[in-house]
């Protein structure tokens, strides 16, 4: 038996190699294989959003004006979700709903599914871009792992939550005021602020902001005074290899302030990565729970006592009444097709009224 030793040579004109060479070439804007997913999806998502907020009404889906053409501004314009009657239809332009009619497709809310799906794949493409570049320059993939947090939140809020409900109608519309209304909806129908996963998300995001501020200030405070420039930006050569701040001094300072301090940079920066990403993942898990209508904390004993004793009230019972008011107002406004009528006697009243 003969064993051939040596490197296997492929045809130099192999199509894959030609594509790989062109896609991964060093240029001003790196393309890469991930760019085949990222750039088209990001282009279509942004293009669909700009088109919808500029021209497309929400009269047929929500009974609202939602475009610049109708008098909205940047804060009130939105690409609105499809009507509740369309359930979870993908609303393809060539599908049975629009039948290739672009105007009808826009009226039905087709731009929302278009933006949501292309946006999700665009974000995934951006994460793959970070993986690809990290591999090319031999870095660890922690940037891509960190970016999984925002992707998890986007997918859970815009896709998984409405999939758990009766249709895309209950997802957020793509607009500033529309997102605010969705937040109020989450509070009224799910008591979201009392959900422990939301609490972890808030702790992660605000904790990360605090860590960022502390870290930036500490590094600025402990910069070496070895430059000749008039300020921080001119004092150092951007390509210098040596360290420009003192970790030892920073450790001594925070040890005196708190009694404890990070002893090395790896643990410090891993903690700065861990806090926000874990918070985002926890909030995404919480939204998945809401998609299934899971309850969070219900302090029933306080509700019963407040109902029996006019003089007993807690911040929790006040918030529950507020949630009932949100539901009574929003349900009738957002779902007129349900013909919801709430008589005066069933509307919530606090013990003080």
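Just so it is clear, glycine is given a Cβ too, placed from its N, Cα and C backbone atoms.
Check Swiss-Prot against the ranges 262-278, 279-295, 296-312, 313-329 and you find transmembrane segment recorded for 279-295.
The stretch that Swiss-Prot tags with transmembrane segment, taken from the ranges 153-166, 167-180, 181-194, 237-250, is 153-166. Cα to Cα, residue 198 (chlorophyll a PD2 binding site) and residue 130 (pheophytin a binding site) are separated by 28 Å. By the count of Cβ pairs under 8 Å, the stretch nearest in packing to the transmembrane segment (125-141) among 41-61, 153-166, 279-295 is 41-61.
The transmembrane segment (279-295) makes no contact with the transmembrane segment (41-61): fewer than 3 of their CB pairs lie within 8 A, with pairs spaced 6 or more apart in sequence.
Of all the binding-site residues listed here (130, 143, 269), 269 has the Cα closest to the Cα of residue 262 (plastoquinone binding site).
For residue 118 (chlorophyll a ChlzD2 binding site) paired with residue 215 (plastoquinone binding site), the C-alpha to C-alpha distance reads 36 Å.
The Cβ neighbour count for residue 143 (pheophytin a binding site), using a 10 Å radius over every protein chain in view, is 15.
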